[in-house]
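Undergrad: Got a structure for you, questions after.
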Amino acid sequence: MRVGSRINDEEAMPLTAPESRARDSIDSSSTASISLTLVEGASHATTEPSKPAHNHNGRAQGNYAEKYRDDLEEDWEEDNYIPSNGKSNQRRTLIVFWLLVALCVGGWAVAFLFFVTSPGNKTSTSPHSGSNSPEGDVTKPGIPATGKKIPLDDAIGGVWSPAEHTISWITGAKGEDGLLLQKSEGGTGPYLHVEDVRNIHGTQSNNNSIVLMKESVFFVNDERISPEKVWPSPDLKTVLAMTREKKNWRHSFTGLYWLFDVETQTAQPLDPDAPNGRIQLATWSPTSDAVAFTRDNNLYIRNLTSKSVKAITTDGGTNLFYGIPDWVYEEEVFEGNCATWWSLDGKYISYLRTNETLVPEFPIDFYLSSPPGYSPKPNEESYPYVQQIKYPKAGAPNPTVNLQFYDVEREESFSVDVKDTLKDDDRLIVEVIPGSKGKVLVRETNRESYIVKVAVIDANKREGKIVRSDNIDEIDGGWVEPSHTTTYIPADPSAGRPDDGYIDTVIHEGYIHLAYFTPLENPKPKMLTTGKWEVVAAPSGVDLKNNVVYFVATKESPIDRHVYSVKLDGSELQMLKDSDKSAYYDVSFSHGAGYMLLKYQGPQIPWQKLISSPSNADNYIEILEENKKLAKLSNEFSLPSLHYSTINVDGFELPVVERRPPNFDETKKYPVLFQLYGGPGSQTVNKKFLVNFQTYVASSLGYIVVTVDGRGTGFNGRKFKCIVRRNLGHYESHDQIQAAKAWGKKPYVDKTRMAIWGWSYGGFMTLKTLEQDAGETFQYGMAVAPVTNWRYYDSVYTERYMHMPQNNEGGYENASISNATNLSQNTRFLIMHGSADDNVHFQNTLTLLDKLDILGVHNYDMHVFPDSNHGIYFHHAYKMVHQRKYFNLSFLGHGFFSFYSNFLPIRSF
């Protein structure tokens, strides 16, 4: 359940965020909601590209796999609504009852038809225009005009996604900075080439231009090979190419790997003796003469001067992983598929040994799909495919990890014992940073993530020691999260750096800031930044020639992002020139930090440009993307106006964004939807340009949509964030309820029509808020893929915030969704979940349903999506999720839930 800047869409911020990909379109609708969902679906053809189901291709199946059925359970007892005084009375009562039902539904249908056919309104102002201070109203209400309403398909299908270019920075063979790796488009020019950033369009002759692959295909033994991914060697003489990719988990995959020689334009298998062996990871040596790779969970090395491959490990298998992470480390620690690190001189390979022997398995059932190549046994075709995952839940045994080393020259593996490290069963290795001269930095935490230790290991001497140790619980009662941005700074006496060092983020006076540690063994850093603001995923780039560090921070406000620079001695802190004061920027630097791809992401229409860094005298600028099409689109449709403010709850200022419908009229009463995520350290209220489901609800359904980043969320200081420790859901739900009560007092809000929804952690927060509120403030809620009991979620994420269940039994009880009586006080709520969710297991929803059944709670609906994982997209499910939300918000918006609340649960399986 990693959160951070990679998350762009609020509803797609899962406990592990669903990947931001385009989802399948939908061509069928739930029979229970057909009267509403098809009105929207029939009038707007989707533009979403297709997307395969998670790691599974459909096996033999009939039309049932393409449809979803909502089974209306009609197990009502007759004496609940029919007097038992004779058949004629029963018949008469039935007639009256169904006439009333027909009148209600007919009246609703007329009102709804009027609503969906009424003309939209156009706003001529940007949906994110105006001042962007976090305090008070900052955007102008929409100006009355005639314009189009945003179709649901467009809002969720990527039509409004800004065009964005990805730059693959690469270092030249002689250390040249500002080079790009480019692929030709449309078959013009060489397929793969290196280009100077100043000649990005390839229109000029440039000494730094290098053709790596002339064609997009090559042949090996008459087999036609079309590479899907490529990684040039550091000397740019060989290209590592991958074909036949198969997705595994979120970040991991396997494929066939090839070595392509740039000079001869020929290729060979990475392992000539096993050309069809599926490789899980391959990494170049910094000296370009070898490739380390993992296959079948064992680590190998291929020296380019030889066609033979040497096995570094041989006992890898089901429970032992070498050089790659297991599921929980991939998901919660590294956020990637790599656990192999070369030393900077190429003499050593550091790799993680992961032992899952004691980790319990969790079964994931697939009813309609199975992995490619899977064939069931004869006469077992009707049984589900069951995938067993080693998944450590809170309190269960974790995988044990150890850092191993391989001496390339001596061809031997070894380990280094370091005194005072944590015990195997209480250790997470969260970051490994290779340095020079055989030095390696290793960061480890205890499994509850409040003890942090940094070790320096010398592979040459085969010794190491702990150089830093912090108890975060004693500092502020909080936790530490895995870092992926710690940067090694090599010694350079001529540049004023007599010793090696590294830049890290640390807690300083209640905020996250940059610190420079030098020499490596020095536990006391030079603070590069200070103040009541925070750095974000820093540093972003380091110019070693000029001793300048670049980073992104919240110095202007917690909901803004700007690019800053500071000297390594802590002087000359300054914002990038010509930046808008209130804006949201991101940046990608070349390896030498001489050039940057600057990305303006809001609040106005996003743009991108390539520029030289302030420490580079080149003074280069190239507009890469202006999103003119998106700007034109925003002028053709009615978009809500955004109003940023803060609300004080218990002395804490909570960031808020309110989306008001076009032609907003303060004399009218509007229904309100609260949308939330709320996970620890996350942020949903920010200045990014974003058109999504929330935009659609405000623009086309006439709702006010409010998002509040309550306590526990990020970038407002440690006190704001860490207060939720040991008691997830308590303060967060309280903040949402208090904010909703404040909105209910506004003259333009109809407090009898207030709803709340969220996905993943947001689903948990939705249910926890409804449970705590017990119908007092919110009438309706929608929870997608929710956690309902933190004992069921993975250990690394959960214990970071909750400790182990053995050490916090009361906290786990309080954080579970268990008060079915309180939930029954709400008018109605909806739960949706994918049956094959490998992240937030379907077990969470099933156990909640059992609690509701035990107490006879009826005021909810349920939709299960077969074979969908946490992103819910198998067989068009993603669109169905939003159609169900649309259906129910339309009901609430027209006041029909007061009647609908008496219906028994609608469960869609």
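Using N, Cα and C of the backbone, Cβ positions are placed for all residues, glycine too.
The region 'Disordered' annotation in Swiss-Prot covers 1-63, 123-144. The topological domain 'Cytoplasmic' feature in Swiss-Prot is assigned to 1-94. According to Swiss-Prot, the transmembrane segment annotation covers 95-115, on the basis of sequence analysis. Taken from Swiss-Prot, the feature N-linked glycosylation site applies to N121, N207, N303, N355, N814, N819, N822, N888. Positions annotated as compositional bias 'Polar residues' by Swiss-Prot: 123-134. According to Swiss-Prot, the active site, charge relay system annotation covers S760, D837, H870.
I'd like these features described in context: how deep, what's nearby, how far apart.
TA: In the shown protein chains, 14 other C-beta atoms lie within 10 A of the C-beta of N303 (N-linked glycosylation site).
The local packing around N355 (N-linked glycosylation site), expressed as other Cβ atoms within 10 Å of its Cβ over all shown chains, amounts to 16.
Note on S760 (active site, charge relay system): other Cβ atoms within 10 Å of its Cβ, all shown chains, come to 29.
Take the CB of N814 (N-linked glycosylation site) and look out to 10 A: across all protein chains shown you find 16 other CB atoms.
Counting every protein chain shown, the Cβ of N819 (N-linked glycosylation site) has 16 other Cβ atoms within 10 Å.
The Cβ of N822 (N-linked glycosylation site) lies under 8 Å from the Cβ of L770, E771, Q772, D773, A774, G775, each on the same chain and at least six residues away in sequence.
Taking the Cβ of D837 (active site, charge relay system) as reference, residues of its chain lying under 8 Å away and at least six apart in sequence are, in sequence order, I364, A785, S868, N869, H870.
For H870 (active site, charge relay system), the Cβ neighbour count at a 10 Å cut-off comes to 27, with all displayed protein chains included.
Taking the Cβ of N888 (N-linked glycosylation site) as centre and 10 Å as the limit, one finds 24 other Cβ atoms among all the protein chains shown.
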Undergrad: Across the topological domain 'Cytoplasmic' (1-94), what is the average pLDDT of the model, as a whole number?
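TA: Mean pLDDT across the topological domain 'Cytoplasmic' (1-94) comes out at 34.
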Undergrad: Rounded to the nearest Å, what's the C-alpha distance separating N303 (N-linked glycosylation site) and N355 (N-linked glycosylation site)? Just drop the number here, would you?
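TA: Each residue's Cα considered, N303 (N-linked glycosylation site) and N355 (N-linked glycosylation site) end up 28 Å apart.
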Undergrad: Can you tell which of the recorded positions N355, S760, N888 lies nearest to N819 (N-linked glycosylation site) in space, using Cα positions?
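TA: Of the recorded positions N355, S760, N888, S760 has its Cα closest to that of N819 (N-linked glycosylation site).
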Undergrad: Would you kindly give the Cα-Cα distance separating S760 (active site, charge relay system) and N355 (N-linked glycosylation site), rounded to the nearest Å?
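TA: About 29 Å separates the two Cα atoms.
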